[in-house]
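Per Swiss-Prot, these features apply:
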- 14-24: motif ''HIGH' region' (MOTIF)
- Cys145, Cys148, Cys158, Cys161: Zn(2+) binding site (BINDING)
- Lys333: ATP binding site (BINDING)
- 558-579: region 'Disordered' (REGION)
- 593-694: domain 'tRNA-binding' (DOMAIN)
Amino acid sequence: MTSPRKILVTSALPYANGPIHLGHLVEYIQTDIWVRFQKMRGHDCRYVCADDTHGTPIMLRAEKEGISPEELIARVHGEHLRDFTGFHIEFDNYYSTHSEETRAHAADIYGRLKDRGLIESRAIEQYFDPVKEMFLPDRFIKGECPKCHAKDQYGDSCEVCGTTYSPTDLINPYSVVSGAAPVRRESVHYFFKLGECAEFLKDWTRSGALQTEAANKLNEWFEAGLSDWDISRDAPYFGFEIPDAPGKYFYVWLDAPIGYMGSFQNLCDRLGLDFAEYWKKDSEAELYHFIGKDILYFHALFWPAMLEHSGFRTPTRIFAHGFLTVNGEKMSKSRGTFITAQSYLEQGLNPEWLRYYYACKLNGTMEDIDLSLEDFVARVNSDLVGKYINIASRTAGFVTKFFDGRLDVPMQLADGEALDFLIDRLRDSAEEISGYYDSRDYNKAIRKIMELADEVNIFVNEKKPWEIAKRDDSYSRGYLRVVCAITLNLFRLLTIYLKPILPRLAEAVEGFLKIPSLTWQDAQTLLPQGHTINDYQHLMTRIDPKQVDALVEANRQSLQATAGQPEPHSQVRHAEHQQRQVQPIAETISIDDFAKVDLRIARIANAEHVEGADKLLKLTLDLGGETRTVFAGIKSAYAPETLIGRLTVMVANLAPRKMKFGLSEGMVLAAGPGGGDIFLLSPDEGAQPGMKVK
């Protein structure tokens, strides 16, 4: 075995504004399995997490309940920990981002970034609730969709037609908090200059720290150009005040990942561990983040950029997983498939049934996984009970009934028939299964383990110990003793391989077999001669389909959202739209200044790709009496062939600019934040090339 590795593992921090549901549990079960496997291998592996406790939703929910935010997050922390414990998620530390440890690290990192010139303040314009006297996040503004005119749509996207937009695009907007019409108000915000970290991030995202599909996804952001990141919010806000900026608070997505450091700092202080050994720039420890693919932007761009430029180490790997569907569809309250962890446990379902089923579906990619409730019942009953548990239940009773629970037998019968060949096969599979666990291909591990279980069951079916037990001669008793001993050794090996997934069942098996806690290395040994076992007790029951029906019924709710409570914010939407906040109007200029700009109608005579350029298209523009060549940064939004023949507006008297790819003789006008959201301006019908725009 290789020397022990020093490993720190995190899962994304659940938001302290709601219950844990089965979708959340995909990630925590995935992480817990991986951590348990590493610990079984003898590695020094620490697993930390925390509640994500800051932000406007926390503040407003606490206000609605008539309690302080601190009281709310303390209660939710207890609920989350209860649910995780119920599903056997075993953290080394489960903490809160609302801690002095996280506050100190946030202030430290902010100060280091500021010292390096990566923090900038600037005025922005946002919607403000004049009744509550607070700036409103996108999801706390509703109005009429500017495209399909659906009523009561959120401030960042329409759930009817799917259009995304800025809150200021809404028709007749109103505050979800007070119902008042919001007004635009200017405020100074603090920005992290993420764009200046682009070259580092391009290298880091291609370094092997990400899954291939994750790295490819991030390429889209690089092509669009990285925007500076707004890291501040205005009072009133529940969070950490920015040092030297009274009334300004760190945005929740700045201190949330720093919560990993805060939780680990708390663990270090309690156990006497060296924090710097894990987080310093040249650390030899391994750092792994398990996350959902919806927060990839924050963890794979914002977070490593912050760490790198504040003098800390970056993650060894980031493992992103897909979303959970139930019966092939999004979880639904009306269909009863938006199932909370608490409800699952209260309905009496075994948490290890779900751990096993998720393991059957999980792999090392970002693919979504589906919880088919019918398949869930069938697979657990067939695999766990019908194959695995069945092995012990069909043989253990004979050992205690006829042999006083003793397993002191040879592995070969008097007539020379060897029965230990299957033991070698199972032992030799340890490294293959180990590789699957390490790469998070749990579905492959399960497939292999169940193939081995099938072979063991074939062995038992061929030997028929229940038939042998009916015969009372000495040969039959000896044969029965060997068959049972072999079978229980095989059962023990299968238990080792399943232990990361089924820790409580493995504990029960350890008690039944009277053995210490199983490690991965134990796959190379057998139960010793003369070993005694306890009486067999039933290890697991089958799922009754009626239990699942009752679970669904218990979770069936109306689709109508709770009044005044917006749906949880989408980190993806926030990442894509935060730069769409209305920018302040530029400095006033005179009419004489504006008159200097010669705007003309131009027809795009030709458009083509520019070899070696990620963002540019080469446009040949017809101005009526002459043609111009312009290099325009619109490649991410337009295919060249779709532009040919189109009319647009250009700045005709802009000084020619010599570029790497040629001379650009003007500028076309477009709106939008960039990336795929670039909108080329077009004149109304009747305009002709060369006409002056007045």
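A Cβ is built for glycine as well, from the same backbone N, Cα and C atoms used for every other residue.
Taken together, the residues of the domain 'tRNA-binding' (593-694) have an average pLDDT of 85. For the recorded Zn(2+) site, residues Cys145, Cys148, Cys158, Cys161 set the reference point as the centre of their Cβ atoms, and the other residues of that chain within 8 Å of it by Cβ are Pro146, Lys147, His149, Ala150, Gln153, Glu159, Val160, Gly162, Thr163. Remark: secondary structure over the domain 'tRNA-binding' (593-694) totals 6 helix, 46 strand, 50 coil, with classes taken from DSSP. Rounded to a whole number, the distance between the Cα atoms of the residue listed as 'ATP binding site' and Cys148 (Zn(2+) binding site) is 26 Å.
Residue environment of Cys145 (Zn(2+) binding site) contains 22 other Cβ atoms, counted within 10 Å of its Cβ in all protein chains. Each of the binding-site residues Cys148, Cys158 was scored by the number of other CB atoms within 10 Å of its CB, and the largest score is that of Cys158. Residues in the motif ''HIGH' region' (14-24) partition by DSSP class (helix H, G, I; strand E, B; coil) as 3 helix, 2 strand, 6 coil. In the three-state DSSP classification, Cys148 (Zn(2+) binding site) falls within coil. Less than 8 angstroms from the CB of Cys161 (Zn(2+) binding site) sit Cys145, Lys147, Cys148, Ala150, each of them six or more residues away in the same chain.
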